[in-house]
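**Student:** Straight out of TrEMBL:
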- 69-120: domain 'P-type ATPase N-terminal' (DOMAIN)
- 96-115: transmembrane segment (TRANSMEM)
- 318-339: transmembrane segment (TRANSMEM)
- 359-381: transmembrane segment (TRANSMEM)
- ASP429, THR431, ASP973, ASP977: Mg(2+) binding site (BINDING)
- ASP429, LYS430, THR431, GLU666, PHE708, LYS732, ARG775, THR855, GLY856, ASP857, ARG947, LYS953, ASN976, ASP977: ATP binding site (BINDING)
- ASP429: active site, 4-aspartylphosphate intermediate (ACT_SITE)
- 502-527: region 'Disordered' (REGION)
- 999-1243: domain 'P-type ATPase C-terminal' (DOMAIN)
- 1048-1072: transmembrane segment (TRANSMEM)
- 1113-1136: transmembrane segment (TRANSMEM)
- 1142-1159: transmembrane segment (TRANSMEM)
- 1171-1195: transmembrane segment (TRANSMEM)
- 1215-1234: transmembrane segment (TRANSMEM)
- 1291-1313: region 'Disordered' (REGION)
- 1291-1303: compositional bias 'Basic and acidic residues' (COMPBIAS)
Amino acid sequence: MEQIHWVRHRWQQLVAAESGRGRYSAPDAVPTKSSPKLHSAQLTGKRRTVIARHGPYQHEYDSVSKGCQGNGIRTTKYSLLSFIPMNLFQQFHRVANLYFLFLVMLNWVPVVEAFQKEITMIPLVVVLIVIAIKDALEDYRRYRFDQKVNNNIATIYSKKQQTYVDQRWQDVRVGDFVRLSCNEIIPADMLLLYSSDLHGVCYIETANLDGETNLKQRQVVRDLPQGSELTPENFHSRIECENPNNDLSRFRGYMEHPSNARVGLHNDNLLLRSCTIRNTETIIGIVVYAGHETKAMKNNSGPRYKRSKLERRMNMDILWSVVLLVIMCLTAAIGHGLWLRNLEEASFLIPDTTSPALAGFYLFWTMIIVLQVLIPVSLYVSIEIVKLGQIFFIQNDVDFYNEYLDSRIQCRALNITEDLGQIQYVFSDKTGTLTENKMVFRRCTIAGVEYPHEENARRLEVYKQEDDEAMGRSHTLKSRASAKSLSCKSLSCNRSSVSLHTLTGHSEGEGEETPSPTLPRHSAFSSPMEKDVVPDPFLVQKLNCLSSPLFLLADASMELTYIVDFFMALAICNTVVVSSPNQPRHVSRTPLKSLEDIKMLFQRFSLPRFSTLSPPHTTESTRSFTGRLFARGKPASFTPTPSPIPTKRGAWSGLENSNGAESPDEAALVHAARAYHCTLRGHSLERLLVELPGMGNLAVRLLHILPFDSTRKRMSVVVRHPLTKQVVVYTKGADSVIMDLAESPKGAEQSESRQGHIREQTQKHLDNYAREGLRTLCIAKRVQTSTEYEVWLKRHAFAETSIENREELLLESAQRLETNLTLLGATGIVDRLQEEVPETIEALQRAGVKVWVLTGDKQETAINIACACKLLRSTDHLLTANCGSKEACKALLLELRAEMECGEAAEGTSGFTLVVDGRTLEFALQEDLKGDFLELSRCCRAVICCRSTPLQKSQVVRLVQDQLQVMTLAIGDGANDVSMIQVADVGIGISGQEGMQAVMSSDFAISRFKHLRKLLLVHGHWCYTRLANMILYFFYKNVMYVNLLFWYQFFCGFSGSVMTNSWVLIFFNLLFTSVPPLLYGILDKDVSADTLIKLPELYKSGQNSKAYLTSTFWLTMLDAIYQSLVCFFVPYFAYAGSDADMLSFGSPINASSLLIILLHQVIESRTLTWLHALLLMGSALFYFSFTLVFSVVCVTCSPPNNPLGVDKLQMSQPLFYGVCALTTMLALLPRFLFQALHNSICPSDTVKAALMDQLNPDDYCRRMQRWNQTQAQSKTRSLVINVEDSDIKVPDPDFRLPSELKEGSATTGSLLS
């Protein structure tokens, strides 16, 4: 059944991949870092028609909206009438409960009845009642939550009252007009029709949906009139959209007006349920999905369930217990038949016509009832309780608390805690996982000229030193305060986005009331380290020429056009939300005032300084090109107003806008542009407000945004240039993509020469950036003619209005536009390592865990990061795989494998590290090559996959997990890591800068990578060891007690009789011995946390499943059988020849078995506290008290036997206590001697470490040093040589090994820290 579910789930994933993942993504695109979490879309080819409920087509509303659901939600499972039957139905889906039910029904058959009918019902009834109470409480909480949500108030348009009235959420219907104000929560999925923003913009916060606190911008449907509030009666349009689905990132449809004109609808027009309106006074929307059809509810799939490796192993052993039960019952049945055949004429037998064979068949089922506790069904309930206790202690570990983010570890999967102790492979993202994901602009290259920004580098060092002083041991700056959801107290809705007023060009009235100041809002990615970029003096000098009177002598016109375009692209090629909560909304500064002075400015560019830098995409003269580039659309007066750019942090004073970026990369580039006075002041649906040095604020018409996706690996904006009025495409993206698209037009020799020079120099600078560990992005542009743009626009409009295959059409449209780009330059952004990352990776490798890094960065950058975090060591042999074809990939894999086999015999290398680029990885993951790739990579100490897509990440994890049959862990922080996290056995999300997509898909969530060290080495080790020992203990105590009943059958003619009363038999496992194992599974501690951290090698015991081996299981079973033999036959011989009856004989057996089982746990426990002693003694006292009271007051409680006075009499005799003491000692002596001899002669590493914990501090330190020296010597060869360049096999001749790799990991550790 599990395989069927997996196949179905996988098929849904493939179907989703074919149908596309994003608005502009390719069919196989996957989430990017900044994109919301995507689930497998459940799409069909059908469409939904939406018309206004109270509009002109009201007569058609009922027929059109017949299949649409209401907005009321119900997450409860039961009602008052259905609770009992439905709960019982669901509980009996569990095999354990069916097993109990089968035994109860079997006991009602007279010929096989073993106990009183009521007694056999007790375990089942107790289990059903406890679980029913739990389910009822959970369902009642869901009911109260549903009522609270459904009774929320929203403002809905009423046809009868001709106005908006307050109604409950559950009364909202598809087609209703809903009006919302600032800070109100959206009640249903709505299409945005009106916004109080003059430019049709609405800001929402999606924290309730995906955990992201930065604002998202939504837009009113195009071509709808703005300025006055929408009148529902005049809404004559129809809406055609896709059927409800769970894809948060996509919405496809169109709006058809009465004139038959169609306007495309996309995700930016849709307001999703549960999001919050921010920075917008009023919006009006029409409901398209309501209730359980909304995307938020479609994604509410409940908690994820994973079955742990230990649980799968335990299920197999339960099957062996079933086999053992059948063997025992068959033995009893055969024995009973033979016994009856030999005693047919016995006078004491009651005459019966039943044949011995049939009687043996009946006895088989009777023995099933008698020996039922051999199957440890209660073990499942105990495991759930133990895991809850383990999770409680994990979540309350203060070492996982991040005081700067005010967050702690989250355990989202409750049933795989023990898997944390068996991890063999860790697959890690790089950005935001190993690094801070605090992107700080470091340096750039423009038009082939590199600007090193040395002062900015020194600034970062100052921040580093300050941070180290503050945190003592941190490698990075202190994390800024966690971004909290905005509240009404911290936000004034009158303070809307700058785009509400700044783009109008008119001043606010003098009589307008000045809004009261509000509390400052901390935007995402806006810490001082990220914002306060120090400009490069040489670049500042060039930009100051725009406003300098001496610029006539500069003669650097063409280079300056590249610089201005470069910073223009940095400022506008993004999706940041610009708001100014504490500053006036109006900005007016236009230093250019007259056309004559503009012409004077043109003359400055008549003598180009760089002859090779002629304008791109044109053969006109330099003067004409620059004239068009810096020409204003309308005349104005001009006063030369120098506006020099400061060279020190914070020296310039301008309007401080708050830029809410969706990714740290975007924020870093925007902050860098602002440092050069190229500032994005406003962002609306149709226009941008940009401030340029020497030119003031320019209104830029925004035509299109082609957002980033993992297929194109780039983002573009199409704008109408404010000066030339040309259509310009600004593009930023991965250098591997932009460099291929940056081609010179044919026939333009001068342009070709210029672009070739720029490309050559830029590539050199990119390689240097990568070697320094910087993240690189290329910036380019393309100027389109009016004819080219009109042709493209028609095709793009068709793609936008398509419902079917929209993603493929939009992708094709974007690729058609992003060709023949003019390369402007590139940026280098630093993203430093988190604290203690090298120590964590080193500890994991010492623990036997192989660490793979899967990143989308360049190969050089990835290698540099690997050096810094000690994943790549100075003695490692580096293997690099870069191939352009499948055949070359196959040959290279074989060659590297042969080289590895030769290198294994050589001296001086500690291991091999494989580096694979994305294209080679694509070939290696194909069916006929993945075996060779896996064979090569499994022999490597570490693997680094560069330029890998999110889909490739999940494929790599799945390949290793399935083919090698190992336990895998995937850790990441962004939406592009979701698929990898979900595929791995254990998925860990990092709650960092990229929102909560990874966290919401993970099994565990942490705030820093360093927490992985303690989570695995300490809590993982403890959880696995505790649970494995507790499971074995459960098997032991059940087998031990059941065998007592089985041995008795040899002396009662295999009749199914027992030597104890049925109440004690049922309660023995249910009450008397149930609590101590729970404490054993929650609190047992074999080694202290400090020792486990200092000795990561102890983790290998969990990887090898040493606590729960097949041999361990069967030895435990044999020990249980031995103890049962002792426990039965010592009392048997002690009472032989006496007048003791059956119950008198069973009393010391029960008491001895209880003491043996409890003391057996004492021997196995590594930790004994007062709580252990209290529970163990309490269990024993509870048993003796119960049996004593039972024997005194019970007369007919257990017919046909009469236990009255039996236990009271036995407990008054010294023989009873002597038999119990002797039996307990003889039963436990072999176990005790075995443990003592084994731990003395050949102790395990865990035992040695436990002994070290008992030493005094001085001896402990000496023993620890000796341990580490022994471990190091066992792994070090006799001869160690340094790795030279010749040892590194690099197919690319331009590749250079970072010098840090040869200088040692100590040097490289400081590179990014």
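Placement of Cβ uses the backbone N, Cα and C atoms for every residue, glycine included.
TrEMBL: automatically predicted annotations, no manual curation.
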**Student:** Based on Cβ pairs under 8 Å, which of the stretches 318-339, 359-381, 1048-1072, 1142-1159, 1215-1234 lies most in contact with the transmembrane segment (1113-1136)?
**Tutor:** 1215-1234
**Student:** Decide whether the stretches the transmembrane segment (1048-1072) and the transmembrane segment (1171-1195) have at least 3 CB pairs under 8 angstroms, with pairs required to be 6 or more apart in sequence.
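**Tutor:** As far as Cβ distances go (cut-off 8 Å, pairs 6 or more apart), the transmembrane segment (1048-1072) and the transmembrane segment (1171-1195) touch.
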**Student:** What parts of the chain pack near the transmembrane segment (96-115), using Cβ distances under 8 Å and only residues at least 6 beyond its ends?
**Tutor:** 121, 123-124, 127-128, 362-363, 365-366, 368-370, 372, 375, 377, 380, 1056, 1062, 1065-1066
**Student:** Which Cβ among the binding-site residues (ASP429, ASP973, ASP977) has the fewest C-beta neighbours inside 10 Å?
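**Tutor:** Across ASP429, ASP973, ASP977, these binding-site residues, the one with fewest Cβ atoms within 10 Å is ASP429.
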**Student:** Find the shortest Cα-Cα separation between ARG775 (ATP binding site) and the binding-site residues ASP429, THR431, ASP973, ASP977, and name the residue that gives it.
**Tutor:** THR431
**Student:** Along the domain 'P-type ATPase C-terminal' (999-1243), what average pLDDT does this model show?
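**Tutor:** Its mean pLDDT is 88.
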**Student:** What residues elsewhere in the chain lie close to the transmembrane segment (359-381), defined as a C-beta under 8 angstroms and at least 6 residues from its ends?
**Tutor:** 96, 99-100, 103, 106-107, 109, 111-115, 120, 123, 127, 314, 318, 321-322, 324-325, 328-330, 332-334, 336-337, 340, 352, 1031, 1034-1035, 1038-1039, 1041-1042, 1045-1046, 1049, 1054-1056, 1058, 1068-1070, 1074
**Student:** Distance check, please: Cα of ASN976 (ATP binding site) against Cα of ASP429 (Mg(2+) binding site), rounded to an integer number of angstrom.
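**Tutor:** ASP429 (Mg(2+) binding site) has its Cα 9 Å from the Cα of ASN976 (ATP binding site).
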**Student:** Whole-number answer please: how many Å between the C-alpha atoms of ASP429 (Mg(2+) binding site) and ARG947 (ATP binding site)?
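**Tutor:** With distance taken Cα to Cα, ARG947 (ATP binding site) is 12 Å from ASP429 (Mg(2+) binding site).
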**Student:** Work out how many Å separate ASP977 (Mg(2+) binding site) and GLY856 (ATP binding site) at their Cα atoms, rounded off.
**Tutor:** 11
**Student:** In Å, rounded, how far does the Cα of THR431 (Mg(2+) binding site) sit from the Cα of GLY856 (ATP binding site)?
**Tutor:** 9
**Student:** Around the C-beta of ARG947 (ATP binding site), how many further C-beta atoms are within 10 angstroms, looking at every protein chain?
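**Tutor:** Other Cβ atoms found within 10 Å: 22.
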**Student:** Measure from the CA atom of ASP973 (Mg(2+) binding site) to the CA atom of ARG947 (ATP binding site) and give the result in Å, rounded to a whole number.
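**Tutor:** Taking the Cα atoms only, ARG947 (ATP binding site) lies 17 Å from ASP973 (Mg(2+) binding site).
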**Student:** Where DSSP helix means H, G or I and strand means E or B, what are the helix, strand and coil counts for the domain 'P-type ATPase N-terminal' (69-120)?
**Tutor:** 29 helix, 0 strand, 23 coil
**Student:** Can you give me the Cα-Cα distance between GLY856 (ATP binding site) and ASP973 (Mg(2+) binding site) in Å, rounded to a whole number?
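**Tutor:** Just about 14 Å between their Cα atoms.
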